[in-house]
Protein chains: 2
Amino acid sequence: MNSRVHIEVPADSGFGPAHLPYCVFRPLGEAPRVGARLGDSIIDLAVALDDPMFAQPSLNAFMTQGPQCWREIRERVRVAADSELPATAVHSVRAVRLDLPVEIGDYVDFYASLDHATAMGRMLRPAGEPLLPNWRHLPVGYHGRAGTVVVSGTDIIRPQGQRRTDSGTPDFGPSRRLDIEAELGFIVGAGSELGRPIETDAFAEHVFGVALVNDWSARDIQAWEGQPLGPFLGKSFATTLSAWVTPLDALTEARIPLPPQHPEPLPYLRDDESWGLDIRVRIEWNGQLVSTPPFRRMYWSPAQMLAHMTVNGTSTRTGDLFASGTISGADRSERGSLMEMSWGGTEPIDLNGVQRTFLDDGDEVVITASAPAVGGGHLELGEVRGRIASA
Amino acid sequence: MNSRVHIEVPADSGFGPAHLPYCVFRPLGEAPRVGARLGDSIIDLAVALDDPMFAQPSLNAFMTQGPQCWREIRERVRVAADSELPATAVHSVRAVRLDLPVEIGDYVDFYASLDHATAMGRMLRPAGEPLLPNWRHLPVGYHGRAGTVVVSGTDIIRPQGQRRTDSGTPDFGPSRRLDIEAELGFIVGAGSELGRPIETDAFAEHVFGVALVNDWSARDIQAWEGQPLGPFLGKSFATTLSAWVTPLDALTEARIPLPPQHPEPLPYLRDDESWGLDIRVRIEWNGQLVSTPPFRRMYWSPAQMLAHMTVNGTSTRTGDLFASGTISGADRSERGSLMEMSWGGTEPIDLNGVQRTFLDDGDEVVITASAPAVGGGHLELGEVRGRIASA
């Protein structure tokens, strides 16, 4: 039982030694614990680092320790990943179940893509300005349901509810306009106190890492219920989070300047070192690549989202999740929702030879993403996968 | 140390033996634990019932046990309250600190008062119909921030943020229109699974009890940010919950028929035994009684709120909180927010001889409520108290 192994990783792996994302995994018949990924292997950190902080069913106990601990652990994982490890500390990603990696505190969803907000505005308010007056002044956002954030691979049960009809009276039944929203999620590791806004330059002291998000949306339910208080049942039935959380430090090579912002944001939203992320997203629908949304075009930066979310004195907690909102580019091939790709259902998408608009039962959507890795090459964020089950 | 005491309660107490609300309290220098209130005393349930389920910093471990356990414990508390108790099991409410009684899961806020929604509609859309087309078809609601639910007595720091101005460009600073919303909150004890809506007649299998809520609101922040995705920073800075949770079974005498609903709700919102609650709310502002909102006039019932919230398959968790939205009556003396009492700031309120509209620093608001008790007399819900601290 003292055999040792060295994990071999192909040079073009998206999970090389510059990435090392975290997960919560469950070896057959064992309790969940925290792991780090190298190639197609998971390193059991409770064993490899001999630390009970990782013998936990979520990353929260680790995340709450704060950025100095995150850096130290990342360095120790890097050393371990490069060493011979006890065989008992190494599992194949295919032999284990992956759990939701984070115990979610609050879930906030932003609306930070100019291309997405413009497209939605054109569809929903064709007679008016596509952007509402507040959009260029603040990152619009709202609270979603934390209790229905599920891990990648969880089936999505088609929601039922009151659906908008042309008559002005709703009908009731399973959503007929079930949609996706490809987003990037940011996970708060170290929280903040009531009355203490997080300034833009303190982002890395609080945010532990990123994960992909699919914010499933029932457009017919949402369209009927959404005034005046915003989305509720059209979103709350499920939000899928990737099983892998990429540490913020793994994305330093992906940092890029933000697109220009006009008008200039208020001082609390300015940041001398503001950055966006060059993350290329892919959306596959039943195995067909249907879109490649570019995160680099997002208008509001992750640091601006967090600064805005807390400027009113709101506290944050370990496990809080805030997502970017749908990532869309300017081109049809870069849209992050079926609502946009099918232009509200009016321009069907050719899916393996069939004309389609929204999701059917049995459909599977897989969202993946890649980014430049530190030291060259690329890294792959954990996928977000979900299949639609009937209502 | 074996002395025993019998708690004496005046006949007109709002905390008599028919009430017995729960709290989490912290005797000087000791760890927080669960108590039940009788008169001006708190019974330490971990001691009185010799059960470690109550040696916990929240009611969650107890609530998650489900309705049969809730009934059994309530009967055991009733017996204990009528007996001689070990002196070590009894504390004065004035000698302990009260903590937030529940670890909040998700927080949903409804908009269930016809009088409130009508008043807000008249103010915000004076040219149109006061009610939006969906209002009489479903209980409109949205998700609030669970992490900033605080216990009664916590100071409320005036939020800062982007404020709407007449120019169309926002300015930035402390809210000038800081408001209250007097609400009733319902606490989910026993959760439900994804894909399993909670029908109206299953309400009492899931809801543990009720508490008063003040959903503080910054109207100038809310007015600027709120389209198209609803309230965010105008609400997220704080929501106050009473320290006492009244068991649902203590309110059976308060049940009353619902007001008529037109049009007839869809089948999932119907309930043969639907009920509202005859709870009389009082709002005191700097010691002056300024409003007495009647919960009995609420349009949507608590069971309809829960059925609607879950009809899309949303799961619920122990500790989820859903609140009624502002409780208002038809009369000016019955409005549950300063926005309504001062009609958007245009009709000042005489407060101890001074004309006032919204909250100033140093102001204190106390919301209390009473209801008929089982066996006659009345019960008092736990108060919600908060003082405004400067930004």
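Cβ atoms here come from the backbone N, Cα and C positions, even for glycine.
Sequence-distant neighbours of A:His116 (active site, proton acceptor): residues of the same chain at least 6 apart with a C-beta under 8 Å from its C-beta are A:Gly325, A:Thr326, A:Ile327, A:Ser328, A:Arg335, A:Gly336, A:Ser337, A:Glu340. According to TrEMBL, the feature active site, proton acceptor maps to A:His116.
Positions annotated as Ca(2+) binding site by TrEMBL: A:Asp109, A:Glu181, A:Glu183, A:Asp215. When secondary structure is read from DSSP and collapsed to three states, A:Glu183 (Ca(2+) binding site) falls in the strand class.
Within 10 Å of the C-beta atom of A:Gln222 (substrate binding site) sit 22 other C-beta atoms, taking all shown protein chains into account. Residues or ranges marked as substrate binding site in TrEMBL: A:Tyr111, A:Arg125, A:Gln222, A:Thr326.
Taking Cβ-Cβ distances under 8 Å and a sequence separation of 6 or more, the neighbours of A:Thr239 (Mg(2+) binding site) in its chain are A:Tyr107, A:Gly144, A:Arg145, A:Thr148, A:Val149, A:Val150, A:Val213, A:Asn214, A:Asp215, A:Trp216, A:Ala323. TrEMBL lists A:Asp215, A:Lys235, A:Thr239 with the feature Mg(2+) binding site.
If you look up TrEMBL, you'll see A:19-101 marked as domain 'Fumarylacetoacetase N-terminal'. Model confidence over the domain 'Fumarylacetoacetase N-terminal' (A:19-101) is summarised by a mean pLDDT of 97.
Marked as domain 'Fumarylacetoacetase-like C-terminal' by TrEMBL: A:109-387.
Residues within less than 8 Å, Cβ to Cβ, of A:Glu181 (Ca(2+) binding site) and separated from it by at least 6 positions along the same chain comprise A:Val213, A:Asn214, A:Asp215, A:Trp216, A:Ser217, A:Gly325, A:Thr326, A:Gly336, A:Ser337. The closest partner of A:Asp109 (Ca(2+) binding site) among the binding-site residues, by CA position, is A:Lys235; the full candidate set was A:Arg125, A:Gln222, A:Lys235. Put plainly, the binding-site residues A:Arg125, A:Lys235 were compared by Cβ crowding within 10 Å, and the winner is A:Lys235. Apart from A:Asp215, A:Lys235, A:Thr239, the Mg(2+) site neighbourhood in this chain, defined by C-beta within 8 angstroms of the site C-beta centre, holds A:Asp109, A:Gly144, A:Arg145, A:Glu181, A:Val213, A:Asn214, A:Trp216, A:Ser217, A:Ser236, A:Ala238, A:Ala323. Other residues of the chain with a Cβ within 8 Å of the Cβ centroid of A:Asp109, A:Glu181, A:Glu183, A:Asp215, the Ca(2+) site, are A:Gly144, A:Ala182, A:Val213, A:Asn214, A:Ser217, A:Lys235, A:Thr239, A:Ala323, A:Ser324, A:Gly325, A:Thr326.
Annotated pair A:Lys235 (Mg(2+) binding site) and A:Glu183 (Ca(2+) binding site), C-alpha to C-alpha distance, rounded: 14 Å. Proximity to chain B (Cβ-Cβ distance under 8 Å) holds for the following recorded positions out of A:Tyr111, A:His116, A:Arg125, A:Gln222, A:Lys235: A:Tyr111.
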